[in-house]
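Trainee: Copied straight from TrEMBL:
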- 58-91: domain 'Alpha-D-phosphohexomutase alpha/beta/alpha' (DOMAIN)
- Ser66, Asp284, Asp286, Asp288: Mg(2+) binding site (BINDING)
- Ser66: active site, phosphoserine intermediate (ACT_SITE)
- 201-291: domain 'Phosphoacetylglucosamine mutase AMG1' (DOMAIN)
- 305-444: domain 'Phosphoacetylglucosamine mutase AMG1' (DOMAIN)
- Glu380, Ala381, Asn382, Arg505, Ala506, Ser507, Gly508, Thr509, Arg514: substrate binding site (BINDING)
- 460-534: domain 'Alpha-D-phosphohexomutase C-terminal' (DOMAIN)
Amino acid sequence: MDADKDNILEASARHPKPAGNFQYGTAGFRMKANLLDSVVFRVGLLAVLRSKKLNGQTIGLMITASHNPPEDNGVKLVDPMGEMLEQTWETHATTLANAPSDEALFAAFAKLSSDLKVRMDSPARVIFARDTRASGITLAASLVDALDALKAEYTDYKLQTTPQLHYLVRAINTKGTPHAYGEVSEKGYYEKIADGFKLAMKHRQTKGHVVVDCANGVGGPKLREMTKYLASANEGGIDIKVVCDDVVNPQALNVQCGADFVKTQQRAPPSSKASPLERCASLDGDADRLVYYFIDSSNTFHLLDGDRIATLTASFFADLGRASGLIDRLNMGVVQTAYANGASTRYITENLQLPVICTNTGVKHLHHAATRFDIGVYFEANGHGTVIFSAKAIKEINRHEPRSPAQADALETMKSLVALINQAVGDALSDLLLVEVILAHKNWGVQEWLNTYVDLPNRLVRVEVRDRGIFKAVDAERKLEAPLNIQKEIDDLVGKYSKGRSFARASGTEDAVRVYAEAATRGEADELAAKVAAIVQKYGV
Ligand SMILES: CC(=O)N[C@H]1[C@@H](OP(=O)(O)O)O[C@H](CO)[C@@H](O)[C@@H]1O
Ligand SMILES: [Mg+2]
């Protein structure tokens with residue numbers, strides 16, 4: 001520890017902490033890039049500690065601020081199986097990030113390593129990557145300074161999507177085991193997904209092309225790369241038209257395009273030249289979120305968001321379960337948050353007859369709940385999600401003896417989807433191909449997909465209050481237990497609206513309270529949202 005002490009103190013002096021309080025939030029640390037130097041350095045120290053604690057398993061570190069503006073950046077850690085960092089360690093990250101001086105930082109580091117019984121002579125391995133933000137290169141250098149100070153082994157994977165980094169972490173840590181996830185390289189990532197796609201598309205064909213807006217981020221070059229591993233549509237592959245892929249000008253990132261723009265603005269990027277019924281999709285800045293959309297023959301815009309991807313995917317797996325004869329052996333379910341449109345929840349429970357779990361916001365909560373199913377489909381309405389398979393599901397799928405050619409076909413498709421789907425984390429590129437496979441199997445276009453159910457009109461508003469901390473949510477964030485009496489006022493109001501549903505909760509990523517409302521008509525949804533927002537405002541002064 002003494003040698004570490006000198007090294008940490010010396011290196012930390014090059015990365016002084018600015019004023020302010022930092023918090024490892026829903027998506028790691030995220031803020032203006034010029035405030036992040038010390039944070040990234042310190043998260044690097046924690047990554048080393050985490051790897052040592054786990055006997056040298058590889059930990060991932062991603063430098064990205066996803067859909068935030070170009071001048072922001074962020075950092076998050078990836079655990080050995082490609083999952084998000086274990087929650088108790090988020091607190092440790094926050095502790096290190098806020099140590100007021102180099103000495104205090106070392107003291108906090110030493111205390112953590114002793115409290116957590118980390119063997120400092122264990123090896124430490126870290127891999128890292130970044131999105132296309134201009135600040136990413138300097139921040140990666142701050143990270144390397146931390147890794148060098150503690151003599152950790154590391155690999156810089158440079159530009160990658162967030163899900164690619166998760167893939168690499170999982171592939172490294174499962175290499176040579178019976179659960180080997182795939183070859184440890186970017187090429188291995190494309191090959192695994194493309195092989196799954198090709199198998200799933202046997203005897204099927206995609207209809208026309210899909211236009212993909214890449215938010216002018218890292219998803220652009222990576223999607224182009226992936227297309228090299230896929231055949232064109234007339235050879236059983238897919239025609240992908242990549243747009244909004246300007247990564248030369250970093251200022252263009254997420255501006256007037258990308259999944260967050262499309263979802264929150266409920267419209268196509270202004271640069272879109274889509275014609276009626278043309279299939280369009282948008283990724284976010286680090287390519288872990290995906291939404292689809294189209295304009296119909298009367299030029300009306302329709303969004304096919306995370307709820308739609310969840311319902312489409314769940315219905316397809318239910319079909320495959322029945323067709324393969326595995327339906328009774330595997331339990332299947334969907335995980336959503338309170339932001340899921342009520343019509344989607346109803347469609348899943350009533351039409352698909354599948355259970356739905358509602359969790360707190362943040363994919364780690366959804367992912368965790370989805371592990372309760374053998375085949376768990378989870379998506380946030382904003383387009384972040386995936387499907388995960390239990391060990392039992394994989395075993396059943398691999399050993400089941402089909403009793404007919406139809407069963408064999410369904411089983412083959414299931415196997416190929418296990419390869420195609422990025423089970424470590426929601427992945428826009430893998431989700432895109434998953435949707436394309438399902439549409440091809442169902443022989444559907446976007447209109448048929450939309451026709452499965454009718455969304456309830458809804459409204460999401462942001463309310464700024466003095467202290468959002470006083471709003472304490474319970475029941476998967478659908479109710480407020482504090483301030484006292486606020487929930488009763490909201491309930492009384494909601495009761496007056498046909499198909500009314502509304503809730504308020506403090507955002508985990510922004511200094512605001514979010515209010516969501518849905519009702520039978522657009523006018524009522526807007527009115528309900530405005531009135532609940534007024535209640536929040538009243539309690540928030
Ligand atoms: C309503 C909404 O879209 N909330 C987002 C947003 O969380 P908030 O806690 O609502 O700020 O950011 C999270 C992280 O990116 C994402 O997981 C979540 O879905
Ligand atoms: Mg993202």
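A Cβ is built for glycine as well, from the same backbone N, Cα and C atoms used for every other residue.
Bear in mind that TrEMBL entries carry predicted annotations, made automatically and left uncurated.
Any idea what these are sitting next to in the structure?
Mentor: Within the chain, the domain 'Alpha-D-phosphohexomutase alpha/beta/alpha' (58-91) has long-range Cβ neighbours (under 8 A, six or more residues past its boundaries) at 24, 27-33, 36, 39-40, 43-44, 46-47, 50-51, 125-131, 133-136, 139-140, 143, 160, 162, 165-170, 172-174, 181, 215, 218, 250-255, 258-261, 284-286, 288-289, 363-364, 367, 423-425.
With a cut-off of 8 Å between CB atoms and residues at least 6 apart in sequence, the same chain places Ala27, Arg30, Gly74, Asp131, Thr162, Asp284, Gly285, Asp286, Asp288, Arg289 near Ser66 (Mg(2+) binding site), listed in sequence order.
In the three-state DSSP assignment, the secondary structure recorded for Ser66 (Mg(2+) binding site) is coil.
A simple way to gauge crowding: the CB of Asn382 (substrate binding site) has 24 other CB atoms within 10 angstroms, across all the protein chains here.
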Trainee: Checking the binding-site residues Asp284, Asp286, Asp288, Ala506: which ones have Cβ within under 6 Å of ligand 1?
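Mentor: Close enough to ligand 1 is none of the binding-site residues.
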Trainee: When you measure from the Cβ of Gly508 (substrate binding site), which residues in the chain that are at least 6 apart have a Cβ under 8 Å away?
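Mentor: Spatial neighbours, sequence-distant, of Gly508 (substrate binding site): Gly25, Thr26, Thr361, Gly362.
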Trainee: Restricting to the same chain and to sequence separations of six or more, state which residues have a Cβ under 8 Å from that of Arg514 (substrate binding site).
Mentor: Leu460, Val461, Arg462, Val463, Ala504, Arg505, Ala506, Ser507
